[in-house]
Amino acid sequence: MLPIGNMPKIKTGKFDAEKSIFYLMCIFAGVGAFFFIFMAGCYLDIYYQLGIFWGLIGFIIVAGKIEVFKRPPLRILFILIIVFITLRYLLWRTFQSLVYTGPLDYAATILLYLAEAYAVAIHFFGLFVNIWPLNHKIAPLPADSRLYPTVDIFIPTYHEPEDVIRTTALSCTQIDYPKDKFNVYILDDGGTVAKRNHPEKGMDAWKRHYSLKRMAKELGISYITRQQNVHAKAGNLNHALQHTSAELVLILDCDHVPTRDILRNTAGWFLKDEMLFLVQTPHFFINPDPFEKNLAIFGEAPGENEMFYHGIHHGLDSWNASYFCGSAALLRRKYLMEVGGIAGETITEDAETTVALHSKGYNSVYIDRPMVCGLSPENFDDMLVQRSRWAQGMIQIFILKNPLFAKGMKWYQRLCYMSASLFWFFGFSRFIFYIVPAAFLLFGLKVYHASFAEIVAYALPHVIGCIVVTDFLHGKFRWPFFSEIYESVLSIFLIPVIFSVIRNPRHPTFKVTPKGQSLDETVLTRQAIPFLLMVLVIAVCVPVGIVKWIQFPLYRDIILITLSWTMFNLFIAVASLGAFVERRQIRRHHRMWARGEVNVYFPRMKYIVQGEIKDISYSGMGVQLKTPFPIKPEEDVVLNVRDIYGEKYAFDARIFRKIKKKEYVFCGCDFVAKGKAAQLRLIKYVYGDSQRWEDFLQKRFKRVSPWGIFYFIVRMGIKGSRDCVTLSSKLLYSVLKKSFFVIYGKMQSLWLKKMKLEGLHTK
C-alpha cells in the first residue's frame, strides 16, 4: 500500500479515483477529528486522568520497543495516542490554567502559552510528516547506454579555496557514466567581470579568474562566469542554464565531492517517471560540525543533520514533498525552465524552487544513500552564518510564498512545507522556555497556574510522550535532549535574525558559508558571552528557588515545579557550554573512519606486510600492521589496495607516525601523489565509493539507553564546562591585566604631568 503522497492517478470513466478516495478520506478524517477532539476535551476526575494517561504512557513505552509498531498501521495508532495525550494537555492549558492575576503576570503567562502552542503545532506537524515514511530504492538504468539522459554537472563557487574546487572537479571527471553523456562546469562567481573591474579587489578577481580557467582547461572541463553577481547562487546557476543544454542538471556545492555512482543511482528515476523534476540525495560531511568538534563527540553520537536527511526526509518523500537542498541533487532542465530557472526571491533558492515546481504538479524523489562528501562549517561563527541564512530563507518563504496558499499544491504538501518553514521560529520558544522560570523565581511573576497533581496528570505525560515519540521516530539519528542542546545554543542568536526578516522580508542577502577554515589554538568564541550570561542567571535561580521553597510553604508545589524546570534548563545549558570552545584545527584534509585490507610494501626490506585500514583521507591513510622487523622513522612504503569495484591501486606513501599497540603497530601514512594521474587515482579511491560513507553512517546510527544518554551528556557537560571556565578565566585575566597596565600607564602619565607642573610652579 502506498502513502497518499505517492498514490498513482487512476482514471475510470468520468470519475477520478484519486479524488474520490481523497473526498472519502476527508469525510472520515473530519468525523474522526471531531470525535478525537471531543474525547480529548472530556472532563475527567484528576485520579482518572492520572490512571488513564500514565497507563497510555506505559503502553507507548512498551510498544515503542516492539518492531511491529514501527510499521503502519500500528505505527499510526502509536502516533495517534501521542497526539491524544498532547491534545489533552493543550486543551487543559487553554481552558483551565490561564488565570489572570495581574497585567504583568498575565502577559508572561500568555507569552509562555504561545511558546507552548507553537511547540505543540511543530510537534503535530512533525508527527504528520513522519507518520508513514517512504524509502525509495535506486531505479536501474537501461542496458543500452544510448537511452541514458544527458547531464550537465554544475559546480558553483564564490570565494572557496582553489584546492577544494579542484578536488570536486577531479572527482566529477571520474563519475561512472558514459563520457559523451555528461559535461562538467565550474561556475565562478568570484571572477565575474564586475569583480574584476573593482578598483580595490579587482586584482584578486583576475587572479582567481585565470587560475580557475587554467584549471578547467587542464582537467578537460568547462569554465563559466558572468557579468555581475546578481541573485547570488541562484543567479549563477541560472546564467549557466542559459549556456548549457543537457536534459538533467546535477548541482554540487564546490566542496561536495561526488562518488563514482552518483549518476547511475539517480538518473534512472527520470526515465521511470516523466513527471519527476528532482532526485535529492543526502549531504554527507567528512568533518565534524562545530558542535561535534567543540563538544568532542564526532563519531560517538549521530550528527546534527542526520535526523533531517535520514529520518524526516523519508517522511517528506512519502507525501511527495522531498525538496531540493541546494546540492547533491539532480533536476530536470525542462521543468526547471518552466518556472524561470532557480528561484531567487528568497535566500533559500533551493526550497523556493521546489515550492514552485511542486505547485506545478511535478514529483520529487529522495534516495537515502550518501553520494557526496562535503565539508561542514569549521567553527561556530561560520555555522551561525549558515543557520541564519536557512532561518531567514525559510521565514521568507513563509511570508512571501506561503505554502498554505500555494496554488496547485496538494494539501499534504502544504502541511509539509508549513512544518519546514515554521520550524525556524524555534528561537522564540526556546528562549521563552529559558527565561520564564527565572521570571517566577527572581521576580515573582505567576506564569503557570497548576497544582502538583495537575502537573503530574497533564504536563508530565505530555513531556514524556514527546520524548518517547521522538526516540521512536528518530532514536537512531537524534538522541533525546540533543535537539534541546542544539536549539538552545542557536536560539539566542537567531532571535534578532528572525525579527529582521519579519520587519523586512526582502532585506536578507545571501551569505556564503566559509569552508576549509583552520585554527591554530583552542579559544573561546566571542559568541559565548550572551550564553554565559544566560547560564549565570539560570544558575542564580537555583539557590533563590530553594530559599523560596523554605520561606513560602503555601507555594511549594509551584516552586518545586519551577525549580525542577530550572534545573533541567541548567542541565541542558551546562551540557551546551563546550560548543563555544573552538578546538584547535590545523588538519587540511579530515580523516574518516574506514575499513578494508591493505598490503604494505617496504622497498627497504623488499617485503610485503598485510594490514588493516583504520582511517583514510585525501592526504593519507591510517593502517594497522604486524611487522617482523622494526619500522624506521619516515620510511617510504607502497600501499596496495582494492576498491569495491575490484579495481587495484598502488599509492606511494611515507610513514610519519607509528604507535605500538601490543603485537601491532599503527602507522599514520602520508600519500606522496605526484602529477595529475596520481591525483586522479587517489581521488577515485578515496572519494569514489559511496559504500564507505554508508558504512560510516551506519556505525553512528545506534540507539542508546536513557541512562547511557544521561551519562554521555553529563560527561560531555563536565568536559565542556571545565574548558569553558578555564578559557574564560584566561580571557578575564588577560583583559584585567591589559586594563591594569592601561590604567597604570595613564596614572603614571598624569603623575609626571603633575610633577612637571609643580616643578614649574616652584621655579
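Backbone N, Cα and C define each Cβ position, glycine as well.
Curation plays no part in TrEMBL annotations; they are all automatic predictions.
What you see is a predicted model, and the numbers here were worked out from it, not measured in a lab.
Per TrEMBL, these features apply:
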- 21-40: transmembrane segment (TRANSMEM)
- 46-64: transmembrane segment (TRANSMEM)
- 76-95: transmembrane segment (TRANSMEM)
- 107-129: transmembrane segment (TRANSMEM)
- 248-438: domain 'Glycosyltransferase 2-like' (DOMAIN)
- 415-443: transmembrane segment (TRANSMEM)
- 485-502: transmembrane segment (TRANSMEM)
- 528-546: transmembrane segment (TRANSMEM)
- 558-581: transmembrane segment (TRANSMEM)
- 585-687: domain 'PilZ' (DOMAIN)
The transmembrane segment (415-443) and the transmembrane segment (76-95) contact flag, 3+ Cβ pairs under 8 angstroms: no
Cβ contacts the transmembrane segment (485-502)/the transmembrane segment (76-95), at least three under 8 Å, sequence gap 6 or more: no
The domain 'PilZ' (585-687), counted residue by residue under DSSP: helix, strand, coil: 13 helix, 57 strand, 33 coil
Tertiary contacts of the transmembrane segment (46-64), as residues 6+ beyond its ends and Cβ separation under 8 Å: 74, 78, 81-82, 84-85, 88, 453-454, 456-458, 461, 464-465, 468-469, 471-472
Contacting positions for the transmembrane segment (528-546) when only residues 6+ beyond its ends and CB under 8 Å are counted: 434, 437-438, 441-442, 489, 492-493, 559, 562-563, 566-567, 569-570, 573-574, 576-577, 580, 724, 728
Stretch-averaged pLDDT - the domain 'Glycosyltransferase 2-like' (248-438): 94
